[in-house]
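What follows is a set of notes on a single structure, which appears directly below.
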Amino acid sequence: MATGPLLLIGSAFLHAGWNALAKSSQDKESFLFLTILLSGLFTFMTVLVFGQLEFPNNTVVALGFLSGIFEGLYFLTLAKALRTTSLGKSYSIMRGGAMIVVWMISTVFLQERAAFLQYLGAFTILAGIFTMNMAGRTKEDHALFKTEDIWSYLSAVFIAGYHLTYHQALERGAEPRTLFFIAMVVSLPFLFWSIRKSPFARIRDTVKTKGWTVVATGAGATASFLIFLYGLKISAPGFAISLRNTSIFFAVIFSYFLKESLTRKQILSACAIGLGAFLLSL
């Protein structure tokens, strides 16, 4: 397997893993704040050890800031999504939905070509998301979308946003670690705002009860994002997000270990989304 796909699949496993650890926390907002704070520190340490902060031009810096805004909004909606629904369901909607947005933009505006199999993959993902959304409905429930799933859909938009801005920055010569460090610094105020009520007490409680889990999650998030950026640097955006979304399979597995009650229809829907990701990557 080529280096790019291998990096992206490894990143997918780590990403699903740290999302599962975040799902297991009680105070998800403070947990994510500490995770991203540590992630920024870990990234800065790698810069100090292996190189220096590199800012090729003002456009790259601006794209880094924009990526950070999308990341911050993603973390806010991620916390809400993990709180309101299962990891398997929320993760499938977030990642599958983001993939559709990225493919639409990259084929229309970035001249990334799509063949029949890619269109079939996109349709399969949409069908999987729709079935996932309808799973567990009663006959009396006529709403097209469940209110609890709105955070997952919003998160999908923000994931697509940072994916595309990261890619544009990398194409303009951004160094992945510097780019990620900028994004993490920009995203932190969003997470601090989410714990604005008794922030230090909440942080202290999370450190006491989940300290080592936070460290593991921070390390996993850092590795996941940096490996993803190096993979994205040598891959087209639609192809990259397709392979990254093999994480949907891993998320369903982690959901099982979290003892979440996924129905057979939800599991099949997640598998359909994963199959769509595979077709998009061909």
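Using N, Cα and C of the backbone, Cβ positions are placed for all residues, glycine too.
Values in this document were obtained by computation on a predicted structure and should not be read as measured data.
For 4-133, 149-281, the entry in TrEMBL reads domain 'EamA'. Look at TrEMBL and you will find 6-22, 31-53, 59-79, 91-110, 116-138, 150-166, 178-195, 211-232, 238-258 tagged as transmembrane segment.
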* Chain residues in Cβ proximity to the transmembrane segment (91-110) (below 8 Å; excluding those fewer than six residues from its ends, i.e. six or more beyond) -> 16, 19, 78, 81, 118, 122, 125-126, 128-129, 132-133, 149, 152-153, 155-157, 159-160, 163-164, 236-238, 241-242, 244-245, 247-248, 251-252, 255, 269-270, 273, 276-277, 280
* For the transmembrane segment (238-258) and the transmembrane segment (59-79), does the number of C-beta pairs under 8 Å, pairs 6 or more apart in sequence, reach 3 or more? -> no
* **Dominant neighbour of the transmembrane segment (178-195) in 6-22, 31-53, 59-79, 150-166, 211-232, by Cβ pairs under 8 Å** => 59-79
* Against which stretches of its own chain does the transmembrane segment (6-22) lie, if we need a Cβ under 8 Å and a gap of at least six residues from its ends? -> 28, 31-32, 35, 78-79, 82, 87, 91, 213, 216-217, 220-221, 223-225, 227-228, 230-232, 235, 240, 243-248, 250-251, 253-255, 257-258
* What parts of the chain pack near the transmembrane segment (150-166), using Cβ distances under 8 Å and only residues at least 6 beyond its ends? -> 63, 66-67, 70-71, 73-74, 77-78, 80-81, 84-85, 89-90, 93-99, 101-102, 105-106, 179, 183, 229, 232, 237, 240-241
* Who are the chain neighbours of the transmembrane segment (211-232) in space, where the CB to CB distance is under 8 Å and they lie at least 6 residues beyond its ends? -> 3-5, 7-8, 10-11, 14-15, 17-18, 21-22, 24-25, 31, 34-39, 41-43, 46, 163, 166-167, 170, 176-177, 179-180, 240, 243-244
* To do: Kindly state the mean pLDDT of the domain 'EamA' (149-281) in the predicted structure.
  => 88
